Amino acid sequence: MQLSLLVGLVCFSAINAKIYFKEDFSDDDWEKRWIKSKHKDDFGKWEISHGKFYGDAVKDKGLKTTQDAKFYSIGAKFDKSFSNKGKSLVIQFSVKHEQDIDCGGGYVKLMASDVNLEDSHGETPYHIMFGPDICGPGTKKVHVIFHYKDRNHMIKKDIRCKDDVFTHLYTLIVNSDNTYEVQIDGEKAESGELEADWDFLPPKKIKDPDAKKPEDWDEREFIDDEDDKKPEDWDKPEHIPDPDAKKPEDWDDEMDGEWEPPMVDNPEYKGEWKPKQKKNPAYKGKWIHPEIEIPDYTPDDNLYVYDDIGAIGFDLWQVKSGTIFDDVIVTDSVEEAKKFGEKTLKITREGEKKKGKKTKKQKKKEKNEKIKKEKMKKRKRANRKKKK
């Protein structure tokens with residue numbers, strides 16, 4: 001009976017799961033669904049490509065950036081806008097930086113249904129921004145930014161993104177109990193509570209401005225032992241003249257000046273004397289500033305809620321182009337997102353790693369050939385100079 005009930009609940013959940021948007025760029029009509037922004041004339045151009053290495057030539061086609069040092073902006077509207085109130089929100093997509101990106105974004109933005117995608121740009125309002133961002137060795141993180149009460153709030157935790165040349169699946173799950181989870185390649189990378197990990201609300205408590213540390217409060221756990229005295233023979237110089245040094249026979253005091261032996265470390269040198277430490281009988285521990293509750297704090301059970309979700313887009317800057325985005329899904333079901341992402345985690349990744357190894361060998365070969373050519377050029381230059 002219990003097993004039948006469990007199966008029934010799973011089936012009910014699967015039947016009631018809603019997919020609000022899904023895109024795998026597998027047909028030629030993608031340009032009808034995706035709108036390129038005309039806000040700037042020099043936005044970077046997009047193309048459909050499976051890249052240099054892939055698992056399946058058709059299934060692994062995705063949206064690729066093609067021009068270096070460009071801003072990119074493109075988006076798609078949902079068939080119908082929705083609210084995530086009372087249910088989970090799952091955003092998932094794949095990213096492949098096969099160009100070995102040095103600086104550039106790889107994130108998506110979830111937006112309202114009334115957004116003008118033909119005029120979208122970096123300042124266009126959004127609900128959620130999610131995905132990897134890389135710039136040099138210092139920035140390799142996953143952005144999770146929520147818009148709340150006219151402000152964009154960045155996550156306070158540092159989530160490291162993948163920085164290799166292969167495809168990776170990024171998943172954000174926002175739950176109706178105000179919790180969240182970030183997954184990379186189906187594995188949990190971070191999780192927690194929205195209120196704790198973002199500065200949506202003022203703190204519940206603040207330090208009491210009227211509280212002061214007592215003047216006689218001693219935080220020193222150890223103090224100098226006043227009975228400990230410095231030994232009389234303690235003070236010795238750090239360096240002394242080398243006793244084994246001899247003045248050279250050809251040394252001329254009139255010509256060379258007065259000879260002085262070189263200095264060596266003094267084996268009797270003991271350094272700065274410090275008295276021994278003892279337990280402080282007046283030690284009270286570290287003083288903790290008392291806190292008070294603030295009247296401005298009001299909890300919000302709807303931190304996770306967006307009433308009008310109707311579009312998704314890529315709005316980013318890349319120094320080195322070549323990133324491929326694929327397998328985009330927005331749903332209320334973690335299971336649906338997981339099923340949709342299985343292709344990426346199995347077929348795509350396995351095929352890429354086989355062909356990617358070959359590509360790495362080719363790169364190494366090209367690098368060695370380049371070094372040989374440079375050496376040949378140097379030899380030719382050297383021979384020309386000899387002839388002259």
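Placement of Cβ uses the backbone N, Cα and C atoms for every residue, glycine included.
Per Swiss-Prot, the range carrying the annotation region '3 X approximate repeats' out of 62-100, 257-295 is 257-295. Among the candidates Asp307, Asp308, Asp315, the residue that Swiss-Prot names alongside Tyr107, Lys109, Tyr126, Asp133 for the alpha-D-glucoside site is Asp315. The number of other Cβ atoms within 10 Å of the Cβ belonging to Tyr126 (alpha-D-glucoside binding site), over all protein chains shown, comes to 21.
Same-chain residues lying 6 or more positions outside the repeat '2-3' (285-295) and placing a CB less than 8 Å from one of its CB atoms are 202-208, 211, 213-214, 217, 219.
Around Asp133 (alpha-D-glucoside binding site), the same-chain residues six or more apart in sequence whose CB sits under 8 Å from its CB are Gly104, Gly105, Gly106, Tyr107, Thr139, Lys140, Lys141, Val142, His143, Cys161, listed in sequence order. On the 0 to 100 pLDDT scale, the repeat '1-1' (189-200) averages 97 in this prediction.
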